[in-house]
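Chemist: There's a structure below that I have some questions on.
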């Protein structure tokens, strides 16, 4: 079941001197089981848009259809708990949301809140601890005794233990070292490949190029482009006009004098293949 936004507006502090439009006539449709990147400058409306996916914010105007739910300004909050099991959000620096006495209890909280038994919640917690790289030996420790990176992993495991159909992530790898970042992004990619939709808010264009198959670009509350990474990063004039960077692979390829690439390489593997083809007298295709 696709995600569909139709002419969605969102207004902060309506009918007050602080009134501000956070979303302006936003319409799009996303396919199931896709990996979607949501990009744009700070203040462009990315996080506001993300919070509409599970109705943490409801539209001031327009309609949202998602996992069988029809959301309008009049939708009652009473009907949204099951939606939030199907669509979960991971905010930037999610470790600040930790609150339980032990790592295990913190990860178990989400499944229990949505009806899992003690045994089911424990099994899910242990499963996702392993997947995010947290040793079972830490299960009985306070999450506040862990390193910053470990706390991040615990917080993400707590959301993923709910096993939502749609996982929304706001800069989840911000501040992590390169290896931890790669491992975390690979975890999200594996989750998408297992039959889920992943929506990633990010400023990192390398992650967009490496992982996404669909991109939404926000600017001043408006959706200004919806396309594939290949098409978006191929249009350097458009990127420059909107002050958006491109992946380091594309920048590197453009600096190689006398090398020709028929396609803009999005990943390291594509860049290497393109260089090899040039050295062998063939263009990258």
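Every residue gets a Cβ built from N, Cα and C, even glycine.
Sequence annotations record features per position, and here Swiss-Prot assigns domain 'ABC transporter' to 3-245. The annotation ATP binding site is assigned in Swiss-Prot to 40, 41, 42, 43, 44, 45, 46, 47.
Quick one: how deep are these features, and who are their neighbours?
Modeler: With a 10 A radius on its CB, residue 43 (ATP binding site) counts 13 other CB atoms from all the protein chains.
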Chemist: Determine the most Cβ-crowded residue among the binding-site residues 40, 45, using a 10 Å radius around each Cβ and all protein chains in the structure.
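Modeler: Sorting the candidates by Cβ neighbours within 10 Å, the top entry is 40.
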Chemist: Hey, for the ATP site built from 40, 41, 42, 43, 44, 45, 46, 47, who else sits with CB inside 8 A of the CB center?
Modeler: 48, 218, 219
